[in-house]
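S.K.: There's a structure below that I have some questions on.
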Amino acid sequence: IEHQVIHTGEQPYECEECGKRFSWSSSLRQHQVIHSGERRFECEKCGKSFRHNSVLIQHQRIHTGEKPFECGECGKSFRQRGHLMQHQMIHSGDRPYECGECGMSFSQKGHLMQHQRIHTGGKPYECVECGKSFSQSSGLRKHERIHTGEKPYECGVCGKSFSMKCQLTEHQKIHTGEKPYKCGECGRSFRESWALIRHQVIHTGERDIHWDADQQWEFLEESGFVDFQTR
């Protein structure tokens with residue numbers, strides 16, 4: 001009988017709590033866990049619990065590192081099928097999510113939502129330590145390392161560690177001697193973009209330069225570059 005609903009579209013199983021209907025009794029039982037709050041599927045590694053076994057299986061891949069869903073175009077692998085499907089839009093060029101403000105389009109809904117905060121000024125991710133807010137969760141995670149002292153990015157040459165990958169990238173130029181930021185006026189080159197901006201004051205005479213104090217001093221302190229003060 002349950003097989004026949006595939007053809008008829010009938011949904012005979014109704015949830016008494018919210019009225020939502022289902023084609024199969026098993027689907028109704030899975031749904032009812034939402035109302036009961038029961039989380040009987042527990043991860044043996046970290047103790048986190050889930051309502052559904054399928055979600056537990058997905059979660060366990062965090063611990064095992066398993067990524068069974070591979071992109072046929074570039075070979076990149078993912079823990080969840082949905083993440084693979086979103087990724088594949090990069091190769092197809094499909095950008096179905098368009099910003100109503102500026103018309104810019106995106107391959108993933110999450111990227112559109114992040115972009116829209118440019119227009120709204122929304123900063124929903126707040127640091128519980130100091131109250132500073134961010135438009136993206138990645139920005140909050142990086143900021144939180146200031147409080148925790150975590151420095152996961154280590155230089156393979158000298159062993160110095162950094163809280164942000166961009167800081168490590170800048171630091172590594174000390175060892176390579178790379179100076180990719182060149183002044184268009186005099187040809188002088190610099191390792192860091194902010195150093196070029198500071199140098200260009202010589203040519204423009206501009207003195208009203210406003211640095212983002214948090215980013216600037218955090219960068220200088222952790223990268224081990226020469227201290228300076230804006231004059």
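Cβ atoms are placed via backbone N, Cα and C, with glycine included.
Grabbed the feature section from TrEMBL, which reads as follows:
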DOMAIN    13-40  domain 'C2H2-type'
DOMAIN    41-68  domain 'C2H2-type'
DOMAIN    69-96  domain 'C2H2-type'
DOMAIN    97-124  domain 'C2H2-type'
DOMAIN    125-152  domain 'C2H2-type'
DOMAIN    153-180  domain 'C2H2-type'
DOMAIN    181-208  domain 'C2H2-type'
S.K.: Using DSSP, what is the helix/strand/coil residue split across the domain 'C2H2-type' (69-96)?
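M.R.: Going through the domain 'C2H2-type' (69-96) residue by residue, I get 12 helix, 4 strand, 12 coil.
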S.K.: Apart from its near flanks, which chain residues at least 6 from the ends of the domain 'C2H2-type' (69-96) lie with a Cβ under 8 angstroms of it?
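M.R.: Contacts of the domain 'C2H2-type' (69-96) (Cβ under 8 Å, skipping residues fewer than 6 from its ends): 58, 61-62, 105-108.
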S.K.: Under DSSP, the domain 'C2H2-type' (153-180) has how many residues in helix, strand and coil?
M.R.: 12 helix, 4 strand, 12 coil
S.K.: Please work out the helix, strand and coil residue numbers for the domain 'C2H2-type' (41-68) from the DSSP assignment.
M.R.: 12 helix, 4 strand, 12 coil
